[in-house]
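Take a look at the structure below.
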Amino acid sequence: MQKSQNVTAVTETNGVAAALGGHHTSPDTNAGKTKDAKEFGCSLGDLRGLMEARGAEAIVRLSTEHEGVEGLCKKLKTDSLVGLNGEQADLDRRRHVYGANTIPPAKSKGFVRLVLDACKDPTLVILVLSGFINLALSFYEPTSAAEDATQHLVNATTAAILANGTFMSTTEAPSEGHGTAWIEGVAILLCVIVVVLVTAVNDYSKERQFRSLQEKIETGQKFSVIRNGEAIDVPVSDLVVGDIARVKYGDLLPADGFLIQSNDLKIDESSLTGESDHIKKSIESDPVLLSGTYAMEGSGKMLITAVGVNSQTGIIMTLLGAGKAGIGDDDSTSTSSSSSSSSSSSGSSSNGSSDSSKSGDDDLTAKSVLQAKLSKLALQIIYCGTTIAIIALIVLVTRFCLDHYVFEKNEFSLVDIQMFVKFFIIAVTILVISIPEGLPLAIALALTYSVRKMMHDNNLVRHLDACETMGNATSICSDKTGTLTTNRMTVVQSYINGNHYTSQEAQPHGANLPGSTGPILMEAISVNCAYNSMIVEPTKAGEQIQQLGNKTECGLLGFVNRLGGDYAAIRKKFPEHDLTKVYTFNSSRKCMMTVVPYAENGQNIGYRVYCKGASEIVLGRCTYLIGSDGKPHQLTGDRLKEITSTIIHEMANSGLRTICVAYKTIIKKGTRDVEKTEIEFAEDSDIDWDDEDAMYQNFTGIAICGIQDPVRPEVPVAISKCKKAGITVRMVTGDNIMTARAIAMSCKILEPGEDFLALEGKEFNERIRDENGKVSQAKLDEIWPRLRVLARAQPADKYTLVKGIIDSKATPQREIVAVTGDGTNDGPALKKADVGFAMGIAGTDVAKEASDIILTDDNFTSIVKAVMWGRNVYDSISKFLQFQLTVNVVAVITAFVGAVTVSDSPLKAVHMLWINLIMDTLASLALATEQPTDELLERKPYGRKKSLISRTMVKNILCHALYQLIIIFVIFFYGDTIFGIKTGLYAPLFAPPSQHFTLVFNAFVMMTVFNEINARKVHGERNVFKGLASNRVFCVIWVTTFIAQIIIVQFGGAWFSTAPLTLQQWIVCLVLGFSTLIWGQIVATIPSKKLPKAWKVGKGEVQPANLHINGDYNVRARSRAVTLRRSGKSLWVRGMFIIGNHLRVLRAFGMEKSEKAAFGRTAPAMTAEAAERWRASYRKYRHQKHQEKKATAETAESVKSADWAKEQKEKKKTFKQIKQVARGKSLDKDSKKHHKKRKDQTNVDMEDIELN
């Protein structure tokens, strides 16, 4: 009961008491709510108390206090069949009394808080300390002229070399005097303020963008409710107490409530309780449904009784917010803080062992390929900058000591301390220049810009790093239905009464079918389809029929209408709440069955079971088949083979999905004579509806339907683009192999003459598993490179394939895999994939929660667009790197050489401010906003191991840096002679700006600005102007930069340390700037392939767990490992879509604990006693369930032999030990011996345990 201990610990803290008790409602408000509650007959407190009960206690309280669910419906003024009337006044009144279905979000960081966060940067702290020391020492006046001259020289050196791109003095330079030495220290502090403000503004803007994205995700969540007798989808936030909600397979329950109707409904409550088994819900045994849990099987209806902060999700969020714990840490402080926000929670609910915690951290620190390589590159740059800074410091200190103490034989004085501080500032400044501080901004801009644009291309990105990871994808495992096809199902062929109707126009009319075939077929389809599947006839000419719900079932319902029937009228005869039993479709059974009462002459005489599903599977369960005379005939093995080969295979080869419809009748003994196809029973208690195997046999086949799902016309072109881009597309589908192969041929996944594999799931498993049934990576490596189609695939097969491709080292470049999924069971595969795509239309909440990107149109072409945007992000960051590193190299070398040669720098501090502004902010905006082009799909993926900076980029960086350095040093050392102007070398500290140094500055900026155009191409392209006109942002920034440079040079004066230049000098600078374009063409002629392979940076596969770059763009540390069974290990909120999103936002925005404490304070108080009652009731319920299982086991043991019982006990113990190992728990000595003994006897696949 680790989870209970955690809740107790949180509840008992002072923080919880303060937060939960800090909310007080005014007497007037309470009085108003009490008055409204009397109108409904049930107060908020009554419902909250009722929801604390579990199992039998909940049933008893519901029955005694409210006369059952129907009585509670009456008190809440709702109807279990019709629902609420939907009037806005009624909905508002319910929200006023019982609350809205929203959880108050955490207050976003204010600008002042962001400023304080920016001040925590270690580099800025060092500079602030240096500034204060410098400022304090500046007021000391040296006593000797020699010391005064020395101090002036040092001041000149440091003022010139201060190269943090943000150092600027706002005071006009004085002409002389030691009394102004304080300006340098003040300038340092002022420029730190500028840095902090720029950082805070950037973070504030970025936070607003992330909030906008988060709202987009959350507002897209809808749920089906019944209002005014009609089923409608409403936003989750619009749900109110009293709503009748329809629960279906894959739904995330958005509120608490009681079950009204259950069709084999099973719920995954592991996110709340840690219980790994799916809980079967029924009105008789366990009717309580809790928010934050998932419907894993079946369907049903529920009465909503608690929403928002009063639901289980809201209560937990209130506790988490008040407890100041478990949500996450500020990910701007360290790598571990950004990655352990989730793992710390899971660790607290596990054994607490270090091994387990470490494993969780390792999973959560996984970054994308690009982020990992950028982190490694940043470290390499910092190492180089640190080395240069240390060398500069050693040279300056050594030279000063030799000159001052050895040669001049001076004594040590306070001035010397000031000089050493100056030298230290110079070294720190060189280090600051080398740090790629603009890199996180460029990444954030590229990602957020791309994410906004991708929304227009039907890609809703949930995790920002997924969009650039997609650019590296080498393999796509795609579903068929709805992704490659239109998902508009139509029955175009059928096999009825021994006749094969081969076209849609040739389909028969129901009245013309012999015997009772027509009515039985239409009833079998209408009743045995989910009642939320329906077709809406067009209201205007030219419109198509609208299909709602499951598209396969909609195709069958359309077939009923074409037969002359009315599926809606048939359903009225069999209301959903009167259905005896529903066995919903699942991937293992491959069929759906519905049991309805069967009557003759107005008298119920038994039951009829309708079945539909995969044709070869359902037909194999049939013992009879309706023939041409309308009567059932024995279905022999030979007849079954004939139908399979001539009908099913022929339809499948035409790309049709084949569905078999069957039925059987169960007649009560004594009502009438039983026919040969019917089954007799004595009493209702004799029928075990839970025995699916008994139900799933002895059917009579009615018809086989061939359903056409046309391939999307744009898909073949998109797949051809993927092939050209070096991306392998694989189709994973549940259809049979022939249908799958035919669709693959239509999509050009398979083409004539290619030696690729198309396998069924069964054969796939036989080929990849060893003699013990375990997946062999070696065998899998022999299969997956040639595999293109996987048919009749189970979700576990998809997971095995994805995991095998990702883990494989069979190819030189490790594969990066994208996966599409829509079902609940696709969750593990979506999580395991590098990028998971969920279907926005057909996808379940489970699939969407597990995904990285949601396809809002379920279209494969949107995936191709995601690839383009991903590669565009990669290219945008590469362009910025190429540009920034060139400027970095030139600036660092210039500052270093100036410091160690003439104790002066050609670039002043204010010049470096402007250059860094160009290099960081403006270049980020200009280069990170390029539009993607189809040319991006003409290159192969980068892969996991390819260098971040290619030989071409290294060539460009070094060649352009060398060219610029030569020009700068020529002007620096010989410019006065060349231009006939006064030299700026060895000028006094407070001398007015010189044309000499202004020429150096202007030439450098002109070359930098023109080189920004060169930086637009990173793959050796000749035409650097291609696409320039379409990038308005780049053009505006470039022109603005150019004009600003003219103003700074001509009118900046002492403020910008510039002197106006003549027209001739401007022409020279412009020529030098333009010459970089010509030089770029010369550099492009150097073949990159002939350069040394060592000219690569960031090559090899990166292990990013311990790498970090400022955390700005690491929005969420995503776990890529498959989720193990979560019994006792997972925090309650794991698996909750809404809560999970909110926690990710908290981590993305770097919320501090104090802010998290405020989260949830607006929620109504939940007392510690109430929380303890909740836990106690659940413990009591689980104990009751344990006793029931124990009693069942004892009964079984009394019937079975002692050997069988012993075998079962050993198996259970083995499974328990394996789960302990999976959770990181240790075994005692006896358990270890038993585990080793049973290891070879029991074939247990760990992957199956993870999935099942």
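Backbone N, Cα and C define each Cβ position, glycine as well.
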Annotated stretch (region 'Calmodulin-binding subdomain A', per Swiss-Prot) among the listed ranges 3-21, 706-724, 1124-1142: 1124-1142
Record-annotated ATP site (Swiss-Prot): member among ASN512, ASN653, ASN698, ASN825 besides THR481, GLU553, LYS612, THR733, GLY734, ASP735, ARG792, LYS798: ASN825
Which candidate, of ASN155, ASN859, Swiss-Prot gives the annotation N-linked glycosylation site: ASN155
Swiss-Prot annotation, Mg(2+) site containing ASP479, THR481 - matching residue among ASP117, ASP822, ASP834: ASP822
In Swiss-Prot, the member of ASN164, ASN472 to which N-linked glycosylation site is assigned: ASN164
Topological domain name match (Swiss-Prot): LYS832 vs ASN956, membrane: yes
Segment assigned the feature region 'Calmodulin-binding subdomain B' in Swiss-Prot (from 53-62, 1143-1152, 1163-1172): 1143-1152
Tertiary contacts of the transmembrane segment (990-1010) (same chain, 6+ residues out, Cβ under 8 Å): 173-177, 180, 887, 890, 894, 906-908, 911, 914-915, 918-919, 963-964, 967-968, 971-972, 975-976, 979, 981-984, 1038, 1041-1042, 1045, 1049, 1053-1054, 1056-1061, 1065-1066, 1068-1070, 1072-1077
Neighbouring C-beta atoms (10 Å sphere around the C-beta of LYS612 (ATP binding site)): 26
Distance [Cα-Cα, Å, rounded] between ASN888 (Ca(2+) 2 binding site) and ASN825 (ATP binding site): 50
C-alpha spacing of ASP479 (active site, 4-aspartylphosphate intermediate) relative to ASN825 (ATP binding site), in angstrom: 13
Whole-number Å value for how far ASP479 (active site, 4-aspartylphosphate intermediate) lies from GLY734 (ATP binding site) (Cα to Cα): 9
DSSP-assigned states of the topological domain 'Cytoplasmic' (1011-1035) in counts, ordered helix, strand, coil: 8 helix, 0 strand, 17 coil
For LYS612 (ATP binding site), the three-state class that DSSP assigns: strand
Which same-chain residues, if any, lie at least 6 apart from THR481 (ATP binding site) yet have Cβ under 8 Å of it: ASN487, LYS551, THR552, ASP709, THR733, ALA842
Intrachain residues whose Cβ lies under 8 Å of the topological domain 'Cytoplasmic' (1011-1035), provided they are six or more past its termini: 875, 878-880, 882-883, 886, 918, 923, 925-927, 929-931, 933, 939, 950, 952-953, 956, 960, 964, 1076-1077, 1080-1081, 1084, 1088
Cβ-Cβ under 8 Å with the topological domain 'Cytoplasmic' (930-960): same-chain residues at least 6 beyond its ends: 369-370, 373-374, 376-377, 471-474, 721-722, 724-727, 812-814, 816, 864, 867-869, 871-872, 874-876, 878-879, 881-882, 885-886, 889, 1011, 1014-1016, 1018-1020, 1027, 1030-1031, 1034, 1076, 1079-1080, 1083, 1086, 1088-1089, 1091-1093, 1095-1102
Spatial neighbours of the topological domain 'Extracellular' (1057-1065) far in sequence, C-beta under 8 Å, 6+ residues away: 173, 908-911, 979, 992-995, 997-999, 1001-1002, 1048-1051
